[in-house]
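*Asks:* This is the feature table in TrEMBL:
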- A:Thr146, A:Lys172, A:Thr183, A:Glu269, A:Asn391, A:Thr396: substrate binding site (BINDING)
- A:Thr183: active site, nucleophile (ACT_SITE)
2 protein chains.
Amino acid sequence: MEKVTGTIVSPKGFHGAGMHCGLKKRKKDLGWLYSDVPCQVAGVFTTNLVQAAPVTYTKALVKKGQAQVIIVNSGNANACTGEQGIQDTATMAQLAGAALAIDPSLVAVASTGVIGQLLPMDTMAQGIAKLAKEGSGRDFQQAILTTDTCEKSVVYQGKIAGRKITVAGCGKGSGMIHPNMATMLGFVTTDAAIEQTLLQELLAELTETTFNQITVDGDTSTNDMVLVLANGQAGNPCIQPNTVEYQAFKEILAAVLTTLAKAIAKDGEGATKLIEVVTRGALDDLQARMISKTIVGSPLVKTALFGKDPNWGRILCAIGYSGAELDVNQLTIRLGEIPVFTQGMPMIFSQEDMACYLENPELVIQVDLGDGTGQGRAWGCDLTYDYVKINALYHT
Amino acid sequence: MEKVTGTIVSPKGFHGAGMHCGLKKRKKDLGWLYSDVPCQVAGVFTTNLVQAAPVTYTKALVKKGQAQVIIVNSGNANACTGEQGIQDTATMAQLAGAALAIDPSLVAVASTGVIGQLLPMDTMAQGIAKLAKEGSGRDFQQAILTTDTCEKSVVYQGKIAGRKITVAGCGKGSGMIHPNMATMLGFVTTDAAIEQTLLQELLAELTETTFNQITVDGDTSTNDMVLVLANGQAGNPCIQPNTVEYQAFKEILAAVLTTLAKAIAKDGEGATKLIEVVTRGALDDLQARMISKTIVGSPLVKTALFGKDPNWGRILCAIGYSGAELDVNQLTIRLGEIPVFTQGMPMIFSQEDMACYLENPELVIQVDLGDGTGQGRAWGCDLTYDYVKINALYHT
């Protein structure tokens, strides 16, 4: 497989557009993504018990297995908006379906932005009426952003049973148009042919090691959603479980999801650094992931790395309260490749080498529990003055 | 019962002292607290799997049921210091016992400060030799602090079976001499007579609703410890379970622990506000406590209140991911006494009244789930630039 340039509409038979309709002051706030033919759809959704109307709506749609359109707005999360919010989501689907002459029951809906305000449906209707049928993938990728500082997208290609297939993804991370919470959206398109149940299984499995392993501030949003659309236009024979083709597709999808997850972590609110934690030698993969995610979520580790301080005591402390089993006397911690703690005792290291390493915009913390074969990664970012500023200075 | 002025040595037969021995630059860093006679001792300790040497040591001592002295240093946590750290803790107990002519097996040890450095035992030995036998309770209360901005102590008195009994407590919170992590220490003395197993039961039960319900940054320290010493000098008949006397003592102890817990939350690193969350109407008390603690631990809620923003969407979001069961349509949220969300829908409120309320240095968030009789409180503080500064600017 290889990474190629392109956008969310690079896979065969996908189209997209994005525009400013008026939910935000100036930036793009409305977009759609659709396929020439109905797609197998898979989705994963927030585990927050308070779920926005589009989450409830699209979850039900994914259960039925097919979708052809995703309509997305930013600037308003349509969350905690009661019965009216659910009606408004259905109306968005109706309007998008009508405009594209596609069955509205195949239209998925996603929203991100401020909580607790009704969508201005006149504005939405006018926007949907004006949205281009042949727009650009980049416009769509921009329309889903809030205070993200950059677009997040990636395209991979590979061969499956002799056919070139393309998988593209885009996402929005932890920025907010109104800073209400870190809403995450991810969309993936592919022209590969694959059964819906298999696609759903694969997405759920890979989400555990990608999107579920990132954290910016520990707040699980009401609007999180990742959708995959597969339209089969690449012409490969439908991918079957436990085959070489399945393995090849899984690798490509994993690469797309991992790239998006890291990009979202790196662009966390106020972040100056991407922090990756790699844990090895745990009892199992789950424990390794728990440790990695606990470290990368610790405010004390995050502030230390913002301050370029190799404060391994805080890393060790986070490992201790992660809930994973461990023997401190078997434990090794490295910052980059520099050992700072080995088998229960602090290590002496070159302050110069360390200071130099901590200047990097991407830092890796390596933990080895020396206890088993479990491994897992997690990604996050540092905690900075700007995080506090972004989230404290705004007034609802 | 009534709150009275006094210190940790106000109960009959207790003595204490504190001094600067040289672990810190200038501030007091060594203290002891002892009783004329052996005490029943109860203790609760950090659940972090990485535990400092004094935690392991004192845990074993509490299991045996009696103690007469607590020797405490600040400025060095004696954590992650291997075999030498354990020996150093035992030496501290030996030296303190010898200096006070008290059996060293009755000496509890607590440490707080930087992780991963051996204690300078020459300095410690010289300090212990110089420590006053008849010092002041306030000196002890100061010697256990790190970057706390104030002493935290409280004294209550009440009558048990016609005898006046006194319960005093002091604590240190989320400051750090070296900003390694929020180490919490709490010490309680009483002249009441009570059996050890009953005292231990009571402390464990009350810790759940007091110290375990505060959070500053979600990082559970390697050194947390709360000890209660009861020397029986008040002359009351030994308190028995399920009696009026037991209930009276429990109320006084609860008042002492709650006061200390709130004081620690209020003096969290960089804090400008104490935040109290009161949840009612949950299925049970445990779920109510979970909700309260999740809200008060949310970085987005903490930054909003620092910014004086009534951002109830973030409160609702935290309730949703707290792990507790809920029906949004039954849910009410109040800031102070002002309803902001009622039965699934946002409320319109006076911006002026709200702005005025959010100026208070102590804020109360009230949640009612309308679902049962469970209730629970939690305490925390806002997340400010100074939290980031304190934890990022220091270099190990």
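Start at 1 and count along the chain as shown; that gives each residue its number.
From the backbone N, Cα and C atoms, a Cβ is placed for every residue, glycine too.
Any idea what these are sitting next to in the structure?
*Replies:* All chains included, 27 other C-beta atoms sit within 10 angstroms of the C-beta of A:Glu269 (substrate binding site).
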*Asks:* Run a quick check on A:Thr146, A:Lys172, A:Glu269, A:Asn391: which of these binding-site residues have any Cβ-Cβ distance to chain B under 8 Å?
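*Replies:* Sorted by position along the sequence, the hits are A:Asn391.
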*Asks:* Under a three-state reading of DSSP, tell me whether A:Glu269 (substrate binding site) is helix, strand or coil.
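*Replies:* For A:Glu269 (substrate binding site) - judged by DSSP and reduced to three states - the answer is coil.
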*Asks:* Select the most exposed residue of A:Thr146, A:Asn391, where exposure means the fewest other Cβ atoms within 10 Å, treating these as the binding-site residues.
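*Replies:* Ranked by other Cβ atoms within 10 Å, the binding-site residues A:Thr146, A:Asn391 bottom out at A:Thr146.
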